[in-house]
Structure formats: C-alpha cells, structure tokens
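This report refers to the structure that appears directly beneath it.
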Amino acid sequence: MAEASLPQLRGDAEATPCPSVLELEELLRAGKVSSSHVDEVWPNLYIGDAATANNRFELWKLGITHVLNAAHGGLYCQGSPDFYGSSVSYLGVPAHDLPEFDISAYFSSAADFIHRALSTPGAKVLVHCVVGVSRSATLVLAYLMLRQQLSLRQAVITVRERRWCPLCSRMDSLQKQDLRRPKIHGSVRVSPYQPPTLASLQRLLWVRRAAMLNHINEVWPNLFLGDAYAARDKNKLTQLGITHVVNVAAGKFQVDTGAKFYRGMPLEYYGIEADDNPFFDLSVYFLPVARYIRSALSVPQGRVLVHCAMGVSRSATVVLAFLMICENMTLVEAIQTVQAHRDICPNSGFLRQLQVLDNRLGRETGRL
C-alpha cells in the first residue's frame, strides 16, 4: 500500500491554466501502476476497490472510520450503515461508471463528507467504487480541488503517484470544476472578505471553552498542542508516537529543552525563542513553522507536538496560523477547530497578527 504525503507549498500567485483532456490522459498514463486493493493517496485518505470495502477486518486493521461508496446500490458494492455498524460513518453515492453520468452533482457533498471526517482526530477515510480507479478517484480529485485548493493538474499528479486512475470519461466534469477555482483563475468576488474584530475573537475564545485543559491535546489529525510538562515527558511523547517537536518558548530562561534534550529519541526538534508579549512579532514565524508542520505531517506516521510554556498562547497562535495557511481555514474556523479540543488564549497582540494574516489570505485566495 502506497504511503501518502502532502505536496510541497507553492506560491499562491502561481497561476496554472486548466489542462486539456489529452494532457490529463498523459499525466494519468505516466502514473503509478498499483496492484493493491487499497492505497493511501493523501494523509489518512484511501482509494480502494469493492474487495477492500467488503472486508470489515481489513478496514479495522487500517483504522478506517469513514467509508464513501461511489458505487452505492451497485451489484458489487452493497455497503450501507447496517453493514459497517456504528463504528464507521457511511456515505453512499449512487454513481454509474458511464461517460454520460453526471458525477459532478456529488462533488460538493462528497468533498464535505471527506473534509469533516479528516478534521476529526484519528479519522481515516476510504473512498471506493468497484475497481477503485474511476468513480472513487474522481471524487477524491474533486475533494483535493475543493478543499485542499489543488488545481486539477496538481490533484492528478498527487493521486497518480500512489494509485493508477485512468478516469478519462470523468475529465470534462473535473475540468469544469477546475475552471471555477477562484484561487487559481482569479474569478471576481462578490464582496471582500471581512476578518473578525479583535473583540469578537476574544468573545469566541471565552465562550467556546473546552471542558478541561490537559497537558497535551490532539487538535488536528496527528497535530498536538501542549505545555512544557508534556514537552519534557519523554515517556508520554514516545507513547503518543511524536516524531517532531516545535518549541515556541525556546531559550535559556524559558522551556530550555533543545535538540540535546531529545538525544537518543527518534524525533526532530524545531525551536523558536518567542516571548508571550503582545508586542512580540510572532508573525515572522507563521510561514516557516506552517511549512515545517506540513512537511512533518507528510512523513508516514508523522506526529507533531507544538508547545510553549502553558500551551495556550504562543504555541496556539502558530497552530492557528498553520490551519489558516495550509488548511485554508479562516481565523474563526481555525479557532473553532482548536477550541473543540483544547482551551486556548492567544494574547491580544498575537490575535492582531492573526487578523492581519486572515485579511491577507482572504485577499489572496478570494474567500467570500
């Protein structure tokens, strides 16, 4: 089974024209010829066939929590909520593998299902049809375009590196979706994105408080937010399988761990000497830390701990920036995502810096 990794970050201003069907077919023919019943084509997102979908033991071994059946109601794909039980969430798409079938009607609902699933810590999604190369691959490509902001060309390259998908009959629908992408093609927005005010952000942080504050919490799949105690607990880090540590309170008079502290452990260390002061400019670290976290999460079994002293201000701020930069969230969406798992409280200066980032990303990506 092929392992998945995230593509490298590219400049947002880099426009790519919609490729022709011929170009896309050439890309697909150049791809990996997989003999597997199932392949991980994006972190925690799998494409598979009916044999995999009908094998509940295999799904249990893979840790699959969500199944999207792109051939629902077909002779060979008779999955249903009853078949999988309460431990697996199920979505059935009654698509036919015919060139005239309009599968684009299901792009948005399928992408939303996958996105919500992958936003849940520990979740893994299987998208399948009968053979796992046409209908299921089409819906995965649509998800990568709609929710991960990839162009059609980038999405095809990402999937074809891990699984063969000769979905020529679906290219017209995907091309139309590609042409609608405002981030790549600069379509006109109805109205400019308006970032939230500082007061509304502070209310959000106080109203949506988590039930408790642990030393460490998983706030996004394989991404943990914690305090100095968690960062120094080597046994806990090993138990959680942490492979990368980002210390946003590095320095002699702060959380003075460093690479030497973790010597002998199979993990990488990244330190930032930041002060929890409203006048400290943490924004200069937003992009490099986001890239580091994204790269770390793209490593098979990569698990990242981001921490400071308390795990509520400095470290929370860079995690929010990561979700905004790499997961295309607004600032409010990022706060809501993290707050669902951990109580956070970035200081007012950091919130203002996140507002600036939110405003800039809103302009660059054409968010409404």
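Here the Cβ of each residue, glycine as well, is placed from N, Cα and C on the backbone.
Sequence annotations record features per position, and here TrEMBL assigns domain 'Tyrosine-protein phosphatase' to 37-187, 215-363. Summarising the annotation, TrEMBL assigns domain 'Tyrosine specific protein phosphatases' to 105-163, 284-342. Summarising the annotation, TrEMBL assigns active site, phosphocysteine intermediate to Cys308.
The DSSP breakdown of the domain 'Tyrosine specific protein phosphatases' (105-163) into helical (H, G, I), extended (E, B) and coil residues amounts to 36 helix, 4 strand, 19 coil. Within the same chain, residues at least six positions away from Cys308 (active site, phosphocysteine intermediate) with a Cβ under 8 Å of its Cβ are Asp227, Ala228, Asn247, Val248, Ala249, Val255, Ala274, Asp276, Arg314, Ser315. Sorting the domain 'Tyrosine specific protein phosphatases' (284-342) by DSSP state (H, G, I as helix; E, B as strand; all else coil) yields 37 helix, 4 strand, 18 coil.
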